Amino acid sequence: MALNRLSRINGRQFLRRRHCYLSITVSGIFPPPTSNPSDNSLHSHPNASNFFEYSERNSNSKQQFYNSVNLIRPYGVYQTLFGNSHISTLASKENEQEPKNNGNRKIDQSWIDEYLPEKARPYARLARLDKPIGTWLLAWPCMWSITMAAVPGSLPDFKMIALFGSGALLLRGAGCTINDLLDQDIDRKVERTRSRPVASGILTPFQGLCFLAFQLSLGLGILLQLNNFSRVLGASSLLLVFSYPLMKRLTFWPQAYLGLTFNWGALLGWAAVRGSLDPAIVIPLYASGVFWTLVYDTIYAHQDKEDDVRVGVKSTALRFADSTKEWITGFGIACIGSLAFSGFYANLGWPYYAFLMAASGQLAWQILMVDLSSRADCNRKFVSNKWFGTLVFTGILCGRLFP
């Protein structure tokens, strides 16, 4: 016990000496605070300002200083010296400025950062490979049409499914590349898009053009595997693909133009299987896709409506404003009605209509529940459209297998 007591006494003496030593050392840099409380800020002391001038000449000295503060805090000197937490205020200001690095929005991490080489990542982002919802929305009308064109009682042509799936991935990527090249000046002014590869300067426009040529070359390879009628029909869609990015500058209805572009596969899929078009089936199917696009892309456009007003571009979100839900309800009804007409003329069985009712419920849920003032909720409802496409596809498949 005597030894323990002696060790505690020696420990307290060591701490008192350590405390005095630190107080004397730091007081050489910062004299005691003045009697005027308003003058107790760190920069009111001349030696303190000299210290910070020295800090600015040494890149790591500020951080070393903060570490020193953390070391002396347990001994009570911190409160004596910096009663009003001026240092913590400086640190918080630096932390507030950190996210504004280079004026760019922080890029969300995805599988691209984990699995792709560093040089390939900007091109993958340019093609939106980390955001597959666009590929699904482009692919579903193709899959609907191919399945509807199948022989009653049989499965669709899996080779066509694979070709059109790959084509949707490539064409969607090419469309995004064209969009980013034409809209790079606008993208820099919009919060959601300023980190895109071309807008942020990670890729040059020339690199974007080279990548576009590569994408279109692969797409051409897929198109050449179809029949002659489908080749001509598929090539004619490029006019829509290249002109779509310009529509937001010309009209409040760019979403309708996107619908004409994105749903071209409803015509092409049938033509690839049958070698011709059946207007009674494919026109209502194509129209249903256009109406569907007006629903989901108007919801999507509400994410950027403030930026669109500031930049000067147009959209149905701005055109409809507070009447958006009434408008997209009408488009939703037209979409379901067109799908019903197309299925009727294609002689699909009763399972198709059961799944169509489920798809109607999913679309109604989107329209009724979306919070158009919330960017996050608009994006969630937009992404949920992959399930609408899945339900319609499953209905067509079952309706064709069980006519």
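Cβ coordinates are placed from backbone N, Cα and C, and glycine is handled just like the others.
A TrEMBL annotation is a machine prediction, not a hand-curated record.
Under the heading transmembrane segment, TrEMBL lists 133-155 (among others).
Taken from TrEMBL, the feature transmembrane segment applies to 161-182 (among others).
Residues or ranges marked as transmembrane segment in TrEMBL: 202-223 (among others).
Remote same-chain residues near the transmembrane segment (256-273) are listed as 137-139, 141-146, 148-150, 156-157, 160, 163-164, 168, 175, 226-227, 229-230, 233-234, 237, 240-241, 243-244, 247, 281-282, 285-286, 288-294, 297, 316 (criterion: CB distance under 8 Å, separation of at least six residues from the stretch ends). Residues or ranges marked as transmembrane segment in TrEMBL: 256-273 (among others).
Long-range contacts of the transmembrane segment (279-296) within its own chain (CB-CB distance under 8 A, at least 6 residues past either end) are made by residues 137, 141, 144-145, 148, 255-256, 258-260, 262-264, 266-267, 270, 316, 328, 331-332, 334-336, 338-339, 341-342, 345-346, 363, 366-367, 381-382, 385, 388. The transmembrane segment annotation in TrEMBL covers 279-296 (among others).
Marked as transmembrane segment by TrEMBL: 327-346 (among others).
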Close approaches to the transmembrane segment (161-182) from elsewhere in its chain (Cβ under 8 angstroms; 6 or more beyond its ends): 126-129, 134-135, 138-139, 142-143, 146, 196-199, 205, 208-209, 211-212, 215-216, 218-219, 222-223, 225-226, 241-242, 244-246, 261, 265, 268-269, 272
Tertiary contacts of the transmembrane segment (327-346) (same chain, 6+ residues out, Cβ under 8 Å): 148, 278, 280-282, 284-285, 287-289, 291-292, 294-295, 298-299, 316, 320, 352-353, 356, 359-360, 363-364, 367, 392, 395-396, 399
